[in-house]
Amino acid sequence: MRGRFITLEGMDGAGKSSHIESIVSVLEGRGLEVVSTREPGGTPLGEKLRELLLHERMHVETETLLMFAARREHIAEVIEPALARGAWVVSDRFTDASFAYQCGGRGVPCEKVEALEAWVHPDLQPDLTLLFDVPVEISVARLAAARTPDKFERESAEFFRRIRNGYLARAEAQPQRFRLIDGNRPMDTVRKEVLDIMREFKA
């Protein structure tokens with residue numbers, strides 16, 4: 001049986017990455033093989049591209065193309081082989097992030113991102129996407145108190161507002177796979193909701 005593909009999305013500072021370990025533990029507790037990965041990255045080449053994408057200045061279309069180049073490698077080398085052998089894949093970001101960050105945040109025409117999506121993975125979509133949502137002001141405040149920011153995390157509040165709107169538009173357009181999670185609550189409360197969703201989500 002083919003595995004399931006679960007993605008976690010949300011703008012920087014929304015808290016999504018904090019819950020990956022708990023999700024993996026729940027799935028492994030069912031006796032499933034779980035592959036935990038991330039974008040950009042997930043492969044040796046993808047991690048090199050990640051460094052460029054997070055820290056180097058570049059044209060917005062170059063950024064978009066590099067994101068999808070890393071994604072193509074990630075799908076071919078990690079995601080598809082894992083799903084084919086029956087493993088469940090849990091990824092910190094996938095293509096929804098390109099619609100939010102490159103289309104929404106950077107202003108790349110959405111039809112270009114749609115064309116890349118159709119070319120790079122025409123038959124692959126997440127089975128479940130957990131979208132962690134917080135007000136822009138909370139995101140910015142969390143980032144200011146955290147580690148040294150990358151180039152995305154140094155962007156303006158308006159940039160993050162466009163990202164948030166991009167994510168919410170994706171969730172509204174594809175409600176069958178999205179679960180919207182209020183990340184502006186205590187960590188334990190958010191984790192309980194995440195784990196409840198995962199326990200209800202079956203193959």
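Placed from the backbone N, Cα and C atoms, the Cβ positions cover glycine too.
Values in this document were obtained by computation on a predicted structure and should not be read as measured data.
Taken from Swiss-Prot, the feature ATP binding site covers Gly10, Met11, Asp12, Gly13, Ala14, Gly15, Lys16, Ser17, and the record attributes it to sequence analysis.
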For Ser17 (ATP binding site): DSSP state (helix, strand, coil):
helix
Check: same-chain CB within 8 A of ATP site center, minus Gly10, Met11, Asp12, Gly13, Ala14, Gly15, Lys16, Ser17:
Phe132, Val134, Ser139, Gly183
Long-range Cβ environment of Ser17 (ATP binding site), under 8 Å and at least 6 residues apart:
Leu8, Asp92
Fewest other Cβ atoms within 10 Å: which of the binding-site residues Gly10, Gly15 wins that one? Let me know.
Gly15
Given the binding-site residues Met11, Ala14, which one is most crowded in terms of C-beta atoms within 10 angstroms?
Met11
Local Cβ density at Gly13 (ATP binding site) - other Cβ atoms counted within 10 Å:
21
Fewest-neighbour residue among binding-site residues, criterion Cβ within 10 Å, set Asp12, Lys16:
Asp12
